[in-house]
Structure formats: C-alpha cells, structure tokens
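Everything below concerns the one structure shown next.
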Amino acid sequence: MLTKFETKSNRVKGLSFHSKRPWILASLHSGVIQLWDYRMGTLIDRFDEHDGPVRGVHFHKSQPLFVSGGDDYKIKVWNYKLHRCLFTLLGHLDYIRTVQFHHEYPWIVSASDDQTIRIWNWQSRTCISVLTGHNHYVMCASFHPKEDLVVSASLDQTVRVWDIGALRKKTVSPADDILRLSQMNTDFFGGVDAVVKYVLEGHDRGVNWASFHPTLPLIVSGADDRQVKIWRMNDTKAWEVDTLRGHMNNVSCVLFHARQDIIVSNSEDKSIRVWDATKRTGLQTFRREHDRFWILAAHPEMNLLAAGHDSGMIVFKLERERPAFSVSGDALFYVKDRFLRTFEYSTQKDTQLIPIRRPGSSGLNQGPRTLSYSPTENAILVCSDTDGGSYELYVIPKDSYGRGDIVQEAKRGIGSSAVFVARNRFAVLEKTSNQVLVRNLKNEIVKKSTLPIGTDAIFYAGTGNLLCRSDDRVVNFDLQQRIVLGDLQTSFVRYVVWSPDMESVALLSKHSIVIADKKLVHRCTLHETIRVKSGAWDGNGVFIYTTLTHIKYCLPNGDSGIIKTLDVPVYITKIYGSTIFCLDRDGKNRPIIIDSTEYIFKLSLIRKRYDQIDEKDHWYRLGVEALRQGNAGIVEYAYQKTKNFERLSFHYLITGNLDKLSKMMKIAEVKNDVMGQFHDALYLGDVRERGKASFSLGTPPPVLCAGDWPLLMVSKGIFEGGLDDTGKGVDEDDEEEAADADWGEALDIVEVANLQNGDVSLVLDDEAVHDENDEEGGWDLEDLDLPPDAETPKTAPNARSSIFVTPTPGMPVSQIWVQKSSLAAEHAAAGDFDTAMRLLSRQLGIKNFSPLKSQFIDIHMGSHTYLRAFTSAPVISIAVERGWSDSATPNVRRPPALVFNFSQLEEKLKAGYKATTAGKFSEALRHFLSILHTIPLIVVETRREVDEVKELVIIVKEYVLGLQMELKRRELKDNPVRQQELAAYFTHCNLQIPHLRLALLNAMTVCFKAQNLSTAANFARRLLETNPSNENQARTARQVLQAAERNMRDATQLNYDFRNPFVVCGATYVPIYRGQKDVTCPYCQTHFVPSQQGQLCTVCELSVVGADASGLLCSPSQTR
C-alpha cells in the first residue's frame, strides 16, 4: 500500500472522491462532514448541520453538489461553492445508511434502517420511488454504473438487485400515447416502476455491503459472517460464484477495483484485504493496530482508494504507476504490459522488443521498478521488488526489433538495486553485507567492494562510479579506486537525473530537488508543497521537472517557475528544444510543446549573454519591471541597451547621479541632439549650457527679469477690470501680455520718460507692486482699517470708480469632477472628452472611439439639466450630482449622476440571450456589442460589483466571438470544410447550457451531413453529457452515435482537435492550441494569433490587440 494522505479525526463512516478535483469528502460519526484536498493535505471546508452521525456522503459527477444522509433521518443536498445546504429531503423513518447520485439522471438513491430504499429527484426535490421488500435494516444501496439496476444489502442476510427501467421510461416521458395511458393506469393502481429482479441468498449473517462490477455482470458482497462472496448474473438469473475467506470479523465494505482485476475489502478486524478476482485468492493484507475499518471508496477516474476507520481515514494506491524506463541517446526503453518496448525520439516510432516474464509470486508491486541499459552490448537490466528485491538481465537480439515475440531466458539474481557501470559490467547492491557485487554479462561475480556508508540503493554516476544513497545523504563512490569522490547531506533521494555532459546532477526527493555538480558540491535546493514526480535537463543546462500538477523549470541559481499546468501526472524522459517527451501512467509516449521564452530569458540574464536578448521590446519590458521593483542597476542597463537616452537622463536625475548626467549632456552634444543637451542642462541647473543649446536652436535667450509666467491659460470674466472707458485699454493690454508672455521684448526697451498713451498699464502695475511691497508708505486707503472678516467685496486695483463688482466665480462643478476622479465616465460626464479618451486609451488600450461617440454625448447630456431664466438670457447649465439629498453639505461636491448603470446591462444581456435562443443572431450580436461599448463608461460602487463587471465582459466576449463565427459560417455556402470548422469552434465558446446544446446540435448536424461521423459522434456525446431536457435533441444525438459507431471515420480532414484544449483567434477564426503563442485584446481579453499584434480588435471593435493597458477602472473603490 502506498499511502498518499492520512487524517486524524472522529470515526469516518462515509467517503466520496471528487471526479475532477483532488478532493475527498469524509462524513464523521460526530455529525461533521469534512472536505479535504488530499494532494495538498489541507482541510478546505467543514459542514455540520446534521444532528448525529453522518453515515453516507457522495459527490455529484458534474455539478458543484454533494449529498449526505445521517441518523437524523435527513438527506441534505449541499452546494460546496456556496458553502451551504440547499435543501433537505424528508421521508425516511430511521437512520440513513448510504446515499448516492445517479451518473446520468437527477436521482439520488438512499438506504435506511426503516427497511426501505428510496429514489429521489433532486431537481424537483421529491421522492419518485420507494423500494420495499427487505425485512431488516438496509445497509447500502447503489446504482449500476451503466444499466437501470440498483443493488442493495440488508441485515436480513440477502442482497437484492432491483430493475428501475420502468422508472427511467417514466422519467423521460415517452411520446407514445398507449405507453402514456398504461403509465397513468400504473400510477393509479400502484407503481411498478422498480421491481426486484434477483434475491441473492447465501450469507449466514447480515450483509453489510454489496457493489456492482464497473463493466462485467458481477456483484461482490461482504457480511457479518466474515465472508466476501462473488455473484454473477445474466438476463434471467443470478448465482453465487465463489466465497473469499480470510477476514476475522464483520466485513464492513467491499468493492471491485476499477482498473485492475482485484477486489478490495475492509473489516472490523482492523484490516484491508486485497483479493485476486480471477484466481479468487488473497494477494495482500494491510493492518492497523487499534482502528476498525468501516468504509471504502474508489476514485472514479484515477488509481486511488480511500478507507475510513475509527480515528480518521487514509487515501492510498495499491501499486506504483510510474513506468520503468531508461534513456539512451535517441532511444527510450520502457516496460509496458509485460513487454520491453523502445521509442525513437527522432521518428517517434514505438517498437515492441521482447516479453518480460511475469513475477513468480502473487502479490502487488511486483512489476519492474527501474531499468538500466548498456548501448554497446544492447543489454538491459530490469529491477523489481519480487522476492524482496531482484534483477533480470536480458540481451536484446538485433533481429528482435519490430518483432517483439522472441522469448528468451533472463539471467536472474537477488539484489535490491542493479545498474550498469561499464560497457559489459553491472553492479548489484547486496544490502545484508553492504557490498556491491560487480558482475559481467554472464552474471558472474567479477569484483566485490564494500560501500563507505550504509546504502539502501545505488544509482549510475558515470563509468566506474556509483551514487550510494542512505536515509539522509548520498555519496559518489569510485569502484576502481574505492574512494569517495563526493558527499552531500540531503533528504531521502528517490530519483537521480544526470545532465547530458555528466557535469550536473539533480537529486529528486518527495518534496524537494537538490542540484549539485558531479563531485556533489551543492548548488541549490528547491522545495515544493506537492510531490515531485520526474525531471530532465534541457540543452541549455536548465532542469525541467514535473510535479503532480505542473511542468516547472529550475535555473542554476535556484530560480524556478511554472511552464505549464498538467491535467494528469507525466514522467519526463527527454527534452528536445521546446518539445518535452513524457510517459504517462498508461505507458504512452506524449510529446508536449512548451514555451521556453521565460526561462531562456532569465538564463541569458544570469549568464550575461545579452546578445541573445537583442530585441528592444524585451529590454524595454525588463526596464519597466525593474523600475517597478526598484532595481536601479537593471533599469540603467536596460535603458543603455535600448539607447533610450531621454529615460536614461531622467533616471540619473532621480537617482542623483550627476556625474553620469554630465556625461549624457556631452553625448547629446556629440550626437548633435540639441533638445537632449538642453534637457540635460536643465536637469543639472547649468544655465550656461542651457543658453548655448538655446542659441544653437535659434531661439532667443530667456528673459531674466520677468515675473511669474502664467501656468494656465486664464480667460477673463465679462465684469473684470471695471466698466469705464479708461479701463478698456488696461484690460486689452493685460490680455495681450498674458497671451504673449513667451516673448517679452517690450520690457527691455521701454523707458518711463517716453511712455505712450497706451502704456499706462505699466505704471499702474508698477505702482500696485510698490503698494503691496511697502504697506507703511503707500496710499492711506480707508478700507485697510476694516476688520479682516469684513464681507465688503474687494475693489479691483485698476478700477477708477466705486461701483459694485461681482465676486470671483468659484471652480465649475465639472472641473471639480475632472480633478477628483480618474474614472473615464466621470470625465465624459464633465464634458472633458479628451481626458476621458486618454484615460480609456491608457486603461483599456482603446484606439477606435467612433462606437463610443453616442455614449459620450448621452453621458454628458444626462449629467446636466438646463434652465432658461428668460428669453433674452442664455440657458443655464446645472450639474446633476449622484446621490444628492437635501441634507448634503452644500460645499462638498458629489460625483456626477450617470445615465448608464449595471442593471441596464443585465437587461441587455437577457435580451441578447433571448435573441440567441430564437436564432436572431444579428440582433443578439447588436445587443452584446452594445454591452461591450457601454461597460467602459460604467461606474459601480463595490469591489464585488467590479468583479461582476469584469465577469460580464468575458461572458459577452464569448457570445460576440461565437455569433460572429456563426454569421460568417452562414455566408460560406461553397466551402463545407470551413463551415464545419466554424460550427465546431462555436461549441468551444463559453455559452449558457441551452445555447451550448443548440451549438452542439448544429455542429453535429453539419458534420454528420458532411460524413464526418467521428467528429459528429464527439458532438453527440458532449450533447448527451449536458442532460438535454428536450427529448428530441437527446434522441437525435443517440441516433448519430449509433450511426457513427458503425463507421467511425471522417470523410474530410478538419483543422480541429477536440482532445487538445484551445482558444479561437478573434480575427482569423483558427484554433490557438495550448502552448502556442498568442496575443490578447487588453479590454475584452480575446485571444489572437501573433500576426494580429497592433491591429484593431475585431470582437470589441475598440482596443488595439497586444497594447499595454493598466486594466478596467470602473469604481472609486479601485483607486482608494
């Protein structure tokens, strides 16, 4: 038994594996249900609404649901995403023993101590059938994995098989009137929708468990008579086949293994037993010291089992799944299905070589564990755990390539590890004496060497050398000189991977990787939270390795990262460029294409091979990221490589490096970059150099005696400067001065004695300045004696009369909106379209604003109201504020009221869904595009609403892309291949289930008519997996499947591989498979092929594909 995960808790009575995620549910005798991640070893959630022990629990196959049944007579259906119980099913009158979802229909079967079995519809939340017949507690009940059968076990010493075919027919609502009439009669006079098919009698005591075989017509049962019985059934009868004896107490649970021909049972005798289902003999027994076992569960898709006992549970495997393999040059040698096979990487040709003998002793984990290959002698060593550790030596005949049927006698021996150490010599570890025996190809001992440490395994370490492993260290041992070449402390090493040049070695432990050189000098250590599975070196000296869930890289300095996420664990055998060759757990060779850009880039930086990174864009992005992290040295180097002198100068300014800034000024002078020279001089405060640069530009020197230059253009009010005639000249002159402030020659040439009539303003200005600077000796104006808080309006300094002057107007509300907000919608509401467009360009990469014109105008007009005082006066515009009330503070301005809100978008989304369902694709597309064009100008309040807006963008994008493809398909009348491809791609858009069914039905029909039966069958299967409520759809899909199974082929080749995950390019409508390069739209996140970089997004019609953008900003909460 290989234990993968173990928990300590109250007694575990029910277990269920999730079909896709690494989760397991455990229901406890204390009334708590625990949800564990067995891969990470963490408790995810707990549910404790049951009152008393929970004996049964089960995950739904596809929905985020699980069901539980307990001693409180209640069946509860839970949603694990919502972390709550959805509803409770009441009807049983005693403890509930087991509950189970049906694999296809919305049914739950439950077994109870009230001597009944009930079938429930969890969608209508009603009991649809009660199965009566047992006359004692019903201990378990379960559906058949394929047929309309239920098996139950009871303490009345019987196992019953129930036929529920009539219930299925009743559920799918047959169209035949006669059948419907008979159905009505049945319902009226008493149901026969579930009938007993067989009663299996043979146990002497109460039966605790019974379960079906996943594929064969077999049943296995376990009872209080300590026996496990196997039963066979056909259409008419069922009979006992054999009895398995060995348990010393009540058998609690028993089941068939899904992938191997074995039976697993557990018992209150504190043991789990494994039986050979064919020979009907015991294979292995696993015991616990103090804990009785109560329940077993098998993973629906993986080779995992779980067992619940008195103090917790264990998740385990019965056998290792890692195939034994050895790589030599261009060839991989591996064992699969008791045959030695070879795989050539260059041609990707797989050949069967010779059969490997079956292990003599019956038992688990007797298969090959390691291989070692000698290329010159064409010999192979196969090591296994048979007889406590043994090896077999095969010499592969040259003529056996491609035949694979030549049986030859192997040379065998006892030894826990065996590896080739020379062309015709191999070393065998003899644990008892802690010696290595060196043997020749005749299996004769040539030499013996005592090892320097207590060794439990040996690995190849170059010709004549061995790596010796103990619990906490490894030693590199030279067999010839019998000396230690290197020694390294490390956690328990499971696998050793040498680089092709034998200069570096990776030592793989369960949760760590140690990289060292050939003398075992430590370089770096890497720790992982989940198990490390395999690894190999690529041609650049980077170690690529796999965990249970990822392909990752490790650089020589210890830096690591994720390359790719895995669906299932794989074992890396060889790396060629960007192709990783792996073996999966079924022994199949799989090439995986990866994107190595990230780690090659990092490696080039570490090795300072900057010539390999001569793309300016890479250096620019590196500079941006280094600047964000505050790494000034890298920023400087990146700017130097891109010759970005302006940024480099500014970088030297903000880091205070004035010496280098002076050099930059000289470089600018040599390059005749006058503006650069001027800026550098400005940064340095060097007036002389600045003047020199100005003269070389042909501009006059700056005015040294001028006052403050205006920073903003100021437009004067109609009443400023008084209303008398003399003031007009002053007003005009002031405006002229403000407008022509760049020039200023008049100040140098004017003399006070020669003033002209128009130059009065200069004297007035001068006097006003003098008055401000010399308060004691100025005009003795009466208003200087007034108290400071007097509310008398201040008279303009150049006014000649004492008429009333209006107060200076305050800042317009629209200007306050613009200053306070960084939301594009609020800038548009203020009428500042220019900054709104710049914000959208920066945040979402929007370039095409034509579709947004009407929204801009609507949002601006909608945030203002207009009053006409009287006919001759202009219309007064009044800003409308969001959330205004009578109690609001008058001096605090609120943000603008906006005409667009999120609820309007939800209404448009419903309209789009409705039009899609009705097949009005152009109308639906118009609705969805309207949503995409409105979202940039939406403002919401909370973070949760921000997430909803972002989610809406993705939902709508999927529909726009899908509808565009469908409309394009309808235009292509004369290209049936492209029509099929577009219909197929449409089914991979993330649509609502009803729309997905219609898309699948459409694609299935198109492909079936074009005689692409294999592809049509795939769509039919996917359609049936959605459980279509329309019986016509389901019937059509089943008919297509039946027709395709007779001739499973495609008439034409399509650019479509449903097994390989992909996204669809929004412009060219071709698939971009996982691992291929792509670019995305910064707004709607649509994927495109790299050639579309810089083009306008064809989905949202707004943003530039691949543009840099900071992201959607639609709430004040994002800027706090």
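Glycine is treated like the rest: Cβ placed from N, Cα and C.
Note that TrEMBL annotation is computational and uncurated.
The annotation compositional bias 'Acidic residues' is assigned in TrEMBL to 731-743 (among others).
Residues or ranges marked as compositional bias 'Acidic residues' in TrEMBL: 771-788 (among others).
Annotated domain 'COPA/B second beta-propeller' per TrEMBL: 340-584, in sequence order.
Annotated domain 'Coatomer alpha subunit C-terminal' per TrEMBL: 716-1120, in sequence order.
Annotated region 'Disordered' per TrEMBL: 724-743 (among others), in sequence order.
Feature annotation from TrEMBL assigns region 'Disordered' to 771-804 (among others).
What TrEMBL lists as repeat 'WD' is 47-88 (among others). Outside the repeat 'WD' (47-88) by six or more residues, the chain places 13-19, 23, 25-33, 35, 94-101, 103, 108, 110-112, 120, 122, 125, 300, 1025 with a CB less than 8 A from a CB of the stretch.
Predicted-model confidence for the repeat 'WD' (89-130) is 95, expressed as mean pLDDT. Residues or ranges marked as repeat 'WD' in TrEMBL: 89-130 (among others).
Secondary structure counts, DSSP: the repeat 'WD' (131-164) has 0 helix, 20 strand, 14 coil. The repeat 'WD' feature in TrEMBL is assigned to 131-164 (among others).
The repeat 'WD' feature in TrEMBL is assigned to 200-241 (among others). The list of residues near the repeat 'WD' (200-241) in space but at least 6 beyond its ends in sequence, with Cβ under 8 angstroms from a Cβ of it, reads 136-137, 139-140, 142, 144-146, 149, 151-161, 247-256, 258, 263, 265, 267, 269, 275, 277, 280.
Residues annotated as repeat 'WD' in TrEMBL: 244-285 (among others).
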